[in-house]
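According to TrEMBL, the feature domain 'Glycoside hydrolase family 65 N-terminal' maps to B:14-267. According to TrEMBL, the feature domain 'Glycoside hydrolase family 65 central catalytic' maps to B:324-689. Residues or ranges marked as substrate binding site in TrEMBL: B:Trp359, B:Asp360, B:Lys602, B:Gln603. Sequence annotations record features per position, and here TrEMBL assigns active site, proton donor to B:Glu490. The domain 'Glycoside hydrolase family 65 C-terminal' annotation in TrEMBL covers B:699-759.
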Number of protein chains: 2
Amino acid sequence: MNQKYILPDPWSIIEEGFDAEKVKSSESLFSIGNGAMGQRANFEEDYSGETFQGSYVAGVYYPDKTRVGWWKNGYPEYFAKVLNAPNWIGIKVSVNGEDLDLHTCDQVKNFRRELNMKEGYYRRSFQATLQNGTEVMVESTRILHLDQDELGVINYKVTALNKDAEIVFSPYLDGGITNEDSNWDDKFWDTLSVSEADHQGFIRSMTMKTQFHICTYMQSDILVNDSEATPAYTSEKKDQYLQFNYKVNISKGDTATLRKYAGYTVSHHHKPDNLVNAAKDAINAGRTMGYEGLKASQAEAWSSIWEMADITIEGDVEAQQGIRFNIFQLNQTYLGKDARLNIGPKGFTGEKYGGSTYWDTEAYCLPFYMATKDHTVARNLLVYRYNHLQKAIENAEKLGFSNGAALYPMVTMNGEESHNEWEITFEEIHRNGAIAFAIYNYVRYTGDISYVAEKGLEVLIAIARFWQQRATYSTHKNKYVILGVTGPNEYENNVNNNWYTNFTAKWCIEYAASEIDRLKQDAPAEHTRIMEKTRLSADEVTQWLKVSSNMYFPYSEEHNIYLQQDGFLDKELITVADLDRSQRPINQYWSWDRILRSPYIKQADVLQGFYFFEDHFSQEELERHFDFYEPFTVHESSLSPCVHSIQAAKLDRMEQAYTFYLRTSRLDLDDYNKEVEEGCHITSMAGTWLSIVEGFGGMRVRDGHLEFHPRIPKHWDKYAFKVNFRGQILKVTVSRQGNSFELSGSEPLSIKVKGETKTITPSN
Amino acid sequence: MNQKYILPDPWSIIEEGFDAEKVKSSESLFSIGNGAMGQRANFEEDYSGETFQGSYVAGVYYPDKTRVGWWKNGYPEYFAKVLNAPNWIGIKVSVNGEDLDLHTCDQVKNFRRELNMKEGYYRRSFQATLQNGTEVMVESTRILHLDQDELGVINYKVTALNKDAEIVFSPYLDGGITNEDSNWDDKFWDTLSVSEADHQGFIRSMTMKTQFHICTYMQSDILVNDSEATPAYTSEKKDQYLQFNYKVNISKGDTATLRKYAGYTVSHHHKPDNLVNAAKDAINAGRTMGYEGLKASQAEAWSSIWEMADITIEGDVEAQQGIRFNIFQLNQTYLGKDARLNIGPKGFTGEKYGGSTYWDTEAYCLPFYMATKDHTVARNLLVYRYNHLQKAIENAEKLGFSNGAALYPMVTMNGEESHNEWEITFEEIHRNGAIAFAIYNYVRYTGDISYVAEKGLEVLIAIARFWQQRATYSTHKNKYVILGVTGPNEYENNVNNNWYTNFTAKWCIEYAASEIDRLKQDAPAEHTRIMEKTRLSADEVTQWLKVSSNMYFPYSEEHNIYLQQDGFLDKELITVADLDRSQRPINQYWSWDRILRSPYIKQADVLQGFYFFEDHFSQEELERHFDFYEPFTVHESSLSPCVHSIQAAKLDRMEQAYTFYLRTSRLDLDDYNKEVEEGCHITSMAGTWLSIVEGFGGMRVRDGHLEFHPRIPKHWDKYAFKVNFRGQILKVTVSRQGNSFELSGSEPLSIKVKGETKTITPSN
């Protein structure tokens with residue numbers, strides 16, 4: 001790992017001591033969000049040291065003009081990019097005439113950050129001695145409210161420690177923000193108005209081109225020693241900026257507090273010309289509840305999330321902290337309220353990666369949301385792709401496909417492709433498979449078969465069409481081959497017959513065809529409607545099945561394994577263990593050609609297929625493939641260790657599974673990849689959950705029943721998780737002494753544990 | 001073809017009639033150059049219509065910061081880019097108070113351009129009626145002098161046709177130029193001074209970063225009806241600009257002429273602070289000879305080039321015009337005087353493609369210069385690479401190679417890589433082979449074996465080392481394989497075992513090893529010196545030979561051919577003939593993945609190997625491979641038709657050979673690729689010469705003897721070319737009636753014609 005400064009604690013992320021070198025990392029780790037907006041843990045007061053400012057509004061993006069060295073046909077001309085939004089957290093603080101700035105003050109003591117995951121707030125406190133000799137204690141608590149998700153509140157306390165002090169609080173709004181990640185230094189936001197009235201301030205902004213409207217707003221109350229004391233204020237207004245100045249004189253030992261109620265109202269939910277009024281409503285609602293009321297209701301809201309989603313681990317506080325951090329961040333990023341939103345790879349913690357949606361959503365995040373929320377949340381994730389189907393069809397048309405074949409984008413915000421490297425954009429097509437598999441996985445888990453006829457089958461048909469057209473008949477092999485792809489292992493580009501891709505393609509076609517058959521029997525009217533809507537004939541399905549039933553899979557007789565792709569055995573097969581440590585991570589030390597011709601695997605590829613499609617393979621096959629491929633895997637993708645943890649657990653290799661678990665769960669906390677300052681790896685956090693529930697817990701759904709195969713790492717005394725299975729809540733506790741299952745529900749639940757059927761009776 | 005407006009003429013390129021749509025194309029086609037500088041055929045007077053201004057100085061470049069979507073280790077941070085240089089051709093012309101501008105004047109008649117290739121000048125003439133009713137006839141002749149290669153002259157004549165006229169000539173220099181092709185809109189030039197003295201003007205400029213100094217200069221004389229009449233002048237001076245104004249009043253029917261002596265003096269040849277003095281010398285030399293004198297000596301210089309390099313074709317004026325255009329452009333671009341220079345793919349006709357040197361130089365251009373110039377010219381092309389050897393070794397080190405292995409850059413100006421697409425920069429490594437082959441080819445043709453010991457062997461050793469390290473031992477195949485390459489056919493990327501690359505690698509190693517052996521026998525001192533300098537041991541050579549002797553070549557038993565690469569037969573093998581015409585060129589209509597998984601070949605790949613290494617293959621093998629691959633070849637590289645023309649001729653398929661010949665020789669004149677406005681394809685022009693001399697003429701050198709196998713297309717009555725073979729000049733004439741060989745030299749020459757040995761006696 002790269003750095004390890006976060007203090008172990010079961011419920012909080014804690015940093016103690018001020019280190020300017022860690023400011024950007026901590027800004028990522030202590031980020032907060034509420035699904036609708038979020039922000040990096042930037043200081044409220046001015047900070048002239050190195051910082052990466054970031055505040056984001058879910059679903060608000062800008063179509064940045066694509067930049068590329070050499071243009072290729074089919075690249076998107078524009079793509080949706082996550083936007084840094086106006087700043088509403090800012091509070092300039094002047095103490096006896098000197099600006100408070102941790103970069104310039106004489107001394108900083110007792111600096112502490114806490115991200116309280118249990119109650120959902122971020123608190124920072126410190127003592128600072130200014131150059132003018134005044135010593136103050138500061139404590140700032142920030143909440144992005146889960147229920148009123150356009151509202152945030154900051155409780156900013158300044159205590160005069162060594163002398164009387166004149167404190168000037170200058171809360172402000174700043175619409176003049178820029179993006180770190182911008183192709184052409186375009187201006188992304190147009191400020192429409194800056195207005196104020198009676199302690200309230202508003203900046204209305206609109207994104208260029210996409211014309212999302214937001215109103216950034218604030219109102220502040222001032223307290224002295226807990227008594228309300230809001231003084232008169234002056235204001236400073238610029239083109240894109242508004243600041244109020246509140247002057248308070250306090251005596252030595254007294255505390256002045258500013259409570260800033262602020263946030264964004266957004267045109268997703270309001271008419272553009274009603275945004276200021278909506279902001280006034282939000283302020284009023286916030287001030288009515290007050291800071292304490294908001295904090296209490298926030299704790300309640302998080303309590304109900306934790307009630308369902310928490311995983312407890314006894315005997316290993318770092319593992320406990322890790323899994324809670326992952327669950328917390330996932331819930332901060334996406335709560336499933338809005339089918340227009342999705343789970344960005346950096347959430348609200350940074351700007352890296354344009355767009356918000358990768359195959360990560362379907363491949364890693366969906367099971368977490370299925371099991372820890374009402375099934376409408378997972379359904380919304382599927383509907384998101386259904387709503388993008390037409391754009392996926394247009395995307396495929398740009399690449400020469402026809403007849404309603406769809407290629408979902410590699411990266412997207414609004415259904416359009418946001419990536420432009422040919423080897424990824426055009427070739428990493430396995431993503432289509434994950435989108436089809438998610439429908440299967442959702443129906444398997446939730447039993448909500450109605451989704452298939454209602455929406456899912458159209459997606460399955462469009463994807464099956466893509467695979468049928470994308471395969472090439474090789475007269476030479478007398479089989480269908482899939483040429484020129486990049487598999488999940490992105491350390492191979494433009495390979496032929498990537499086993500994972502070929503298997504996925506075959507599976508997608510067969511699943512689509514079987515669902516068509518099923519509907520024909522079970523819901524002939526729906527079947528007719530969909531066949532007509534998609535202009536699908538039985539003949540065409542026959543063509544699909546010709547491809548799927550004659551798909552080629554590269555295989556090694558010698559090793560008795562499927563080959564990751566054609567020609568894999570021609571590589572120099574030196575395992576990672578024999579690779580000089582100084583060469584790793586290879587993506588930092590090797591040129592791309594060297595990576596490509598090496599055997600090293602960035603993330604699970606064949607094993608990813610064994611994970612998705614486990615019922616197609618025996619334990620022995622899994623073991624052979626794990627033993628062959630894992631030694632070549634460098635896990636330089638955040639998505640790799642979790643799958644390996646699950647597979648190692650399945651093979652009863654608990655020590656290895658535990659090592660992979662730690663790597664995935666503390667990836668950001670311990671900054672394994674030396675990049676946490678750019679933001680956290682949100683989507684891979686769902687993989688951490690998987691590695692406990694599906695890995696250690698061995699949870700599967702087969703034939704409509706939950707199955708478990710509980711195992712426990714030797715470092716742990718006990719762990720427990722809950723899953724929402726078709727409206728009933730099952731709590732699974734695994735300990736050295738044995739396992740227990742506790743059910744809250746209306747009727748008994750029949751499950752299998754290590755192959756044995758058990759019926760669990762509701763305990764409530 | 002795209003457009004066909006150039007009038008057929010054996011010695012000139014002629015356009016008649018003014019068409020604003022064709023201005024940019026003609027600016028490319030009528031470009032002039034003298035090896036040291038060159039420029040597009042921009043108008044001297046102002047033109048407010050669409051134009052692409054370009055003036056270039058050989059060897060002057062700027063290290064533009066690399067721009068790329070996703071950075072890969074090993075990409076160059078900067079790369080050398082051809083620069084648009086200050087403009088010295090400009091002459092503003094005012095007629096009775098109105099600016100002459102073909103875009104705004106009332107009428108243009110009798111517009112004509114002529115690029116006189118025989119005498120080496122560019123002339124443009126027209127009649128224009130201005131908005132003020134004045135009608136003038138203009139004739140402008142421009143020369144870039146071959147012998148005094150820092151000097152140009154423009155003879156600009158204005159005749160008043162319908163009334164008396166006040167003509168104001170305002171010749172100017174403009175240092176404030178920009179590049180069409182710039183990554184960051186950097187300023188490339190710094191203007192150091194603008195000065196004038198007694199009709200002379202100078203702008204001193206320096207390139208940013210590279211600090212090349214040039215002085216752009218001018219002096220003009222005015223004539224009225226051929227009498228000198230230089231009037232007093234006024235001047236206008238700006239930061240980067242200098243203009244003189246000469247006012248002349250002429251009567252109806254009279255002609256006013258401005259003769260502008262101008263050009264660049266360059267720090268390649270002068271100390272920076274002596275550039276203005278050098279410019280004064282150039283002006284004086286030019287004015288002493290005068291325009292007529294310069295024009296006459298230019299004609300003489302071209303006459304001596306043509307004397308040796310001309311190819312005559314009787315009975316087919318378009319073919320004649322095509323070959324002369326190609327020979328003319330090659331000589332305008334590179335004359336071999338300076339080993340720091342090379343042959344840019346656009347010469348002095350445009351900016352596309354950063355850097356100046358591709359494998360085109362070795363693979364296509366070298367034979368032309370070997371046969372039509374003194375052998376020092378070809379030798380300079382080899383020395384250019386020798387001088388870049390250390391940088392090629394550093395380039396390989398960036399990619400993980402060691403021990404003096406060299407990878408020459410894909411594109412370069414100064415030895416550093418100027419390209420950054422991983423599939424090209426890192427993988428199109430066959431370029432190394434062309435550089436080794438050029439040494440073999442040069443020695444084979446010229447007999448100048450001394451070059452090997454003196455310089456060549458060090459290059460061969462570094463290249464052999466690269467291949468040995470780049471090959472991978474496949475335990476699976478029990479052979480050495482070369483993984484992850486792009487062959488000459490750039491419509492395949494990151495393939496394994498590209499046959500051409502593997503064969504080239506084997507050949508390079510064996511050639512290097514055999515030259516080491518030869519030296520050991522023939523020149524033991526040299527051998528010892530080189531072995532020590534390169535720290536090469538006999539053991540290491542044994543390691544090389546292990547690779548070369550166990551190289552894997554993909555082969556199809558079924559088709560009895562070598563496969564272009566592993567897996568080629570898995571493609572859907574639909575020939576170009578069966579490909580919908582509307583889909584071509586595929587690079588304009590298809591996405592990159594579709595191109596890659598198609599069987600379509602951009603340019604000769606296996607057949608390129610059969611061309612270089614023809615002695616290793618039988619005629620039958622050539623025929624089988626030609627018949628297999630040519631039907632899949634789309635020839636979307638300018639370098640493809642020439643090789644196919646040669647191979648078709650060798651197979652006695654003269655009609656096909658002729659079609660390929662026309663396509664290569666008139667590629668730009670008829671704008672086959674719809675892009676001539678960006679500049680001409682200079683390097684492929686050498687391929688045109690090859691297709692006559694090596695294709696139709698069947699010229700080869702074997703065992704130190706010239707061999708011919710003359711053939712003639714049915715469209716031609718006769719053709720003739722000359723080659724300089726080891727100091728003797730052999731003229732070969734091929735006609736329907738028979739062939740003749742005429743020798744100017746000191747002793748008889750023994751040649752083979754269609755396998756029969758003949759001895760040719762000198763006729764002089």
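Keep in mind that glycine also has a Cβ here, set from the backbone N, Cα and C atoms.
TrEMBL labels come from automatic prediction, so no person has curated them.
Overlay of TrEMBL annotations on the structure.
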residue  : record                    : CB count, 10 Å
B:Trp359 : substrate binding site    : 23
B:Asp360 : substrate binding site    : 23
B:Glu490 : active site, proton donor : 20
B:Lys602 : substrate binding site    : 22
B:Gln603 : substrate binding site    : 24
Original post:
Along the domain 'Glycoside hydrolase family 65 C-terminal' (B:699-759), what average pLDDT does this model show?
Top reply: 96
Subject >> Where the record names B:Trp359, B:Asp360, B:Lys602, B:Gln603 as binding substrate, the maximum Cα to Cα distance in Å >> reply: 16
Original post:
Can you list the residues of the same chain, besides B:Trp359, B:Asp360, B:Lys602, B:Gln603, whose Cβ falls within 8 Å of the substrate site's Cβ centroid?
Top reply: B:Tyr358, B:Ala363, B:Pro488, B:Glu490, B:Ser637, B:Leu639, B:Ser640
Original post:
In angstrom units, rounded to an integer, how far apart are the Cα atoms of B:Gln603 (substrate binding site) and the residue listed as 'active site, proton donor'?
Top reply: 8
Original post:
What is the nearest of the binding-site residues B:Trp359, B:Asp360, B:Lys602 to B:Glu490 (active site, proton donor), using the Cα of each?
Top reply: B:Lys602
Original post:
For the domain 'Glycoside hydrolase family 65 C-terminal' (B:699-759), DSSP counts of helix, strand and coil?
Top reply: 0 helix, 38 strand, 23 coil
Original post:
So, in DSSP terms, is B:Asp360 (substrate binding site) helix, strand, or coil?
Top reply: helix
Original post:
What does DSSP call the residue listed as 'active site, proton donor' in the simple three-state scheme?
Top reply: coil
